[in-house]
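Visitor: First the structure, then my questions, so here it is.
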Amino acid sequence: MIDLTGKTSLITGASSGIGSAIARLLHKLGSKVIISGSNEEKLKSLGNALKDNYTIEVCNLANKEECSNLISKTSNLDILVCNAGITSDTLAIRMKDQDFDKVIDINLKANFILNREAIKKMIQKRYGRIINISSIVGIAGNPGQANYCASKAGLIGMTKSLSYEVATRGITVNAVAPGFIKSDMTDKLNEKQREAIVQKIPLGTYGIPEDVAYAVAFLASNNASYITGQTLHVNGGMLMV
């Protein structure tokens, strides 16, 4: 049984979907959770469901100062989960520079800042767990998502590099790469589109946000203390690496 009692976790992109599921599970396992996102109303709704042992931090990851401040004003931090991200999809020949830049800025650069500032705190206590949420497309690629795929592949490379740098300080840095997870986006697909995707998944179904949350909880726990620099794939066998 995973026990996170006494730990403090910061989860970005916590207002819905995978981020919300991660926050709920870490809270259930005993951790105090700092839930962060750009939608204050959704964060409040999540807070009402959690009832206690939580803090809300509204943060715009496009603002680098806000990224740094999000960590600096956290008095105690044991677990960082970088889940927030955006998409801006189109074929590369139609993709404007600003469409590429904004995805990289939020999905990669902002997460680098969060990792860097968290490490500064974790080094002082010689303990920390960092989990960066990547994606199946960060490994496999996907047409129309050159910017998003680059950002998610970059997260994996960054995770490996940082894990080397902090391994002797009691800090582990890992990534989780979800596949097709049931969400508002997948709900908008028609039956033919859903069936085409499911046929590519050996387990024959979409994942759910809780599937990703349990992977994160494991990596955040002492049960995973000998695991660092790794990417845990949660994709129903859609990609085997």
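A Cβ is built for glycine as well, from the same backbone N, Cα and C atoms used for every other residue.
What Swiss-Prot records for Gly13, Ala14, Ser15, Ser16, Ser38, Glu57, Val58, Asn83, Tyr148, Cys149, Ala150, Ser151, Lys152, Ile181 is NADP(+) binding site. Taken from Swiss-Prot, the feature substrate binding site applies to Ser135. The active site, proton acceptor annotation in Swiss-Prot covers Tyr148.
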Visitor: Give the three-state DSSP assignment (helix, strand or coil) for Tyr148 (NADP(+) binding site).
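Guide: In three-state terms, Tyr148 (NADP(+) binding site) counts as helix.
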Visitor: Among the binding-site residues listed here, Ser38, Ser135, whose Cβ has the fewest other Cβ atoms inside 10 Å?
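Guide: So among Ser38, Ser135, the binding-site residues given, the one with the fewest Cβ atoms within 10 Å is Ser38.
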Visitor: What is the number of other Cβ atoms found within 10 Å of the Cβ of Val58 (NADP(+) binding site)?
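Guide: The answer is 15.
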Visitor: Under 8 Å Cβ to Cβ from Lys152 (NADP(+) binding site), same chain, six or more residues apart: give me those in sequence order, or none if nothing qualifies.
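Guide: Spatial neighbours, sequence-distant, of Lys152 (NADP(+) binding site): Gly85, Asn107, Ser134, Ser135, Val137, Gly138, Ala177.
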Visitor: Among the binding-site residues Tyr148, Ala150, which residue has the fewest other Cβ atoms within 10 Å of its own Cβ?
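Guide: It is Ala150 that, of the binding-site residues Tyr148, Ala150, has the fewest other Cβ atoms within 10 Å.
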Visitor: According to DSSP, which of helix, strand or coil covers Ser135 (substrate binding site)?
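Guide: In the DSSP reduction, Ser135 (substrate binding site) maps to coil.
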Visitor: Helix, strand or coil by DSSP: which one applies to Val58 (NADP(+) binding site)?
Guide: strand
Visitor: Does anything in the same chain, at least 6 positions from Gly13 (NADP(+) binding site), have a Cβ under 8 Å from its Cβ, and if so what?
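Guide: Long-range Cβ contacts: Gly19, Ser36, Gly37, Asn83, Ala84, Gly85, Ile133.
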Visitor: Looking only at Gly13, Ala14, Ser15, Ser16, Ser38, Glu57, Val58, Asn83, Tyr148, Cys149, Ala150, Ser151, Lys152, Ile181, the residues listed as binding NADP(+), what is the longest Cα to Cα distance in Å?
Guide: 28
Visitor: So if I draw a 10 Å sphere around the Cβ of Ser15 (NADP(+) binding site), how many other Cβ atoms end up inside it?
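Guide: Result for Ser15 (NADP(+) binding site): 24 neighbouring Cβ atoms inside 10 Å.
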